[in-house]
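Notes follow the structure.
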Amino acid sequence: MDRGAVVGFLLGVCVVSCLAGTPKTSWRRVSVGEDVSLLPAPGPTGRGPTQKLLWAVEPLDGCGPLHPSWVSLMPPKQVPETVVDAACMRAPVPLAMAYAPPAPSATGGLRTDFVWQERAAVVNRSLVIHGVRETDSGLYTLSVGDIKDPARQVASVVLVVQPAPVPTPPPTPADYDEDDNDEGEDESLAGTPASGTPRLPPPPAPPRSWPSAPEVSHVRGVTVRMETPEAILFSPGETFSTNVSIHAIAHDDQTYSMDVVWLRFDVPTSCAEMRIYESCLYHPQLPECLSPADAPCAASTWTSRLAVRSYAGCSRTNPPPRCSAEAHMEPVPGLAWQAASVNLEFRDASPQHSGLYLCVVYVNDHIHAWGHITISTAAQYRNAVVEQPLPQRGADLAEPTHPHVGAPPHAPPTHGALRLGAVMGAALLLSALGLSVWACMTCWRRRAWRAVKSRASGKGPTYIRVADSELYADWSSDSEGERDQVPWLAPPERPDSPSTNGSGFEILSPTAPSVYPRSDGHQSRRQLTTFGSGRPDRRYSQASDSSVFW
């Protein structure tokens with residue numbers, strides 16, 4: 001029998017038989033040296049045709065320790081299942097064959113026609129193995145069929161043979177402490193071998209009844225309890241949900257936040273089982289977790305989250321889900337939240353939904369509980385094993401395993417992308433508006449500068465400002481005495497020797513009664529005195545137009 005046939009046979013035993021309503025596969029653990037009775041045959045059929053009963057075994061002693069998992073078949077029904085690598089299995093070996101209804105025999109029960117193992121026998125319609133050994137571990141099956149028809153498997157059991165426990169020797173008199181008082185010494189002397197009476201161990205003291213006292217709890221923080229099915233098998237097109245139960249118990253009055261995070265890992269068909277390294281859940285950045293040796297079949301670290309439901313402001317009096325909640329989920333076709341709970345709902349499930357799902361509970365950003373569920377079809381099912389130690393580091397740096405999120409080809413934009421687009425658009429609009437205002441101000445200032453420069457060119461009289469009254473009306477008086485009487489009306493004194501280090505600017509001081517043109521149409525020429533960059537021993541006088549620059 002090739003390996004494919006062996007795997008198909010196992011799946012038929014573990015899955016198809018359960019779906020067809022036949023007895024489920026059971027697990028049994030025994031110790032070396034015991035006599036084991038397995039797989040009782042169906043009772044006598046009376047007038048029915050004679051049936052052939054066949055017991056066989058598929059050895060699993062080369063597959064290492066087996067880890068059964070509880071698989072949900074049409075919840076809440078659960079059965080223990082596992083997937084065994086075909087490379088470690090051997091061909092099925094027949095053990096015994098009998099016929100029913102039984103023919104009378106000297107020992108009673110079924111008359112066994114063939115027995116292929118010296119330690120096997122059929123007693124009271126059951127297969128009995130005398131003095132089991134570790135090599136007897138395997139998958140035992142019972143098949144029933146007519147004489148002319150092929151046999152049909154009706155029951156199976158996985159037998160795991162463990163080493164026998166080491167017997168502890170009975171206590172000796174030396175194991176008991178002797179009293180230090182004189183009476184104890186007399187008793188020990190009286191019980192010496194010389195006296196001929198061996199010393200007997202003291203009788204056990206009767207249990208003392210302590211008065212009941214109220215329990216005092218010193219626990220602080222939050223305790224989280226989680227219950228998850230280890231596996232869920234579905235058929236394409238079904239609608240089902242994860243049956244996860246989470247209970248958070250607060251031991252003090254402090255507020256806390258809780259996040260329920262769902263992760264998904266692909267399960268390659270080349271893997272006989274998936275390994276979940278618990279240490280990597282708490283320390284995902286370790287080198288062993290980033291590049292495990294069995295990377296395709298290991299759930300060690302991740303880069304994204306499938307779904308998150310966050311609770312904030314929770315306390316002892318306001319536990320989840322009563323505290324404020326916020327949910328986020330990647331857009332995956334056929335996947336949604338089950339109402340307002342922490343469970344996932346699969347609608348019209350397809351084989352693409354198969355995988356290893358992890359549910360991790362964070363309290364104040366620290367892991368408090370986690371569980372795993374293998375969700376797949378019967379053909380894609382692989383067992384998941386939790387490993388406590390760190391994985392072995394791979395020789396080459398492999399890409400870390402991470403949850404796979406299958407987004408649709410044209411996924412709608414999320415709210416975060418919409419908000420980012422709105423902010424970017426507003427920023428661009430404000431930038432364009434600011435540039436427009438800056439350009440207008442620059443153009444206006446340039447035009448104003450040209451106008452002022454043209455007025456100062458000296459081509460003709462230019463009046464920057466026309467006042468409605470004479471600016472120097474008080475200075476236009478011919479009476480020098482009047483100016484002397486009012487000190488603050490006196491014109492500024494002219495220095496006789498201006499500084500030779502002047503800035504080059506001309507300070508114009510009026511000396512005429514008025515600086516405005518006369519009404520008869522001609523311009524008045526008034527004497528103006530200029531101070532500036534001339535030599536200190538010389539005073540310059542020049543005539544200027546009747547215009548003043550402010």
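Count begins at 1; order follows the chain as displayed.
Quick reminder: no glycine exception, Cβ is built from N, Cα and C everywhere.
Checking Swiss-Prot for region 'Interaction with gI' across the ranges 63-88, 115-140 points to 63-88. In summary, of the candidate residues Asn243, Asn501, the record from Swiss-Prot lists N-linked glycosylation site for Asn243, whereas the others have no such entry there. Between Cys323 and the candidates Cys297, Cys314, Swiss-Prot annotates a single disulfide bond, the one to Cys314. Candidates considered were Cys280, Cys289, Cys297. The record in Swiss-Prot pairs Cys271 in a disulfide bond with Cys297.
Among the ranges 28-53, 470-495, the one that Swiss-Prot lists as region 'Interaction with VP22 and UL11' is 470-495.
The disulfide-bonded residues considered are Cys280, Cys297, Cys314; of these, Cys297 has the fewest other C-beta atoms within 10 angstroms of its C-beta. Packing around Cys271 (disulfide bond) is summarised by its Cβ count: 17 other Cβ atoms lie within 10 angstroms of its Cβ, all protein chains included.
When the disulfide-bonded residues Cys289, Cys323 are scored by other C-beta atoms within 10 Å, Cys289 scores highest.
For Cys280 (disulfide bond), the nearest of the disulfide-bonded residues Cys271, Cys297, Cys314, Cys323 in terms of C-alpha separation is Cys297. The shortest Cα-Cα distance between Cys271 (disulfide bond) and any of the disulfide-bonded residues Cys289, Cys314, Cys323 is the one to Cys289.
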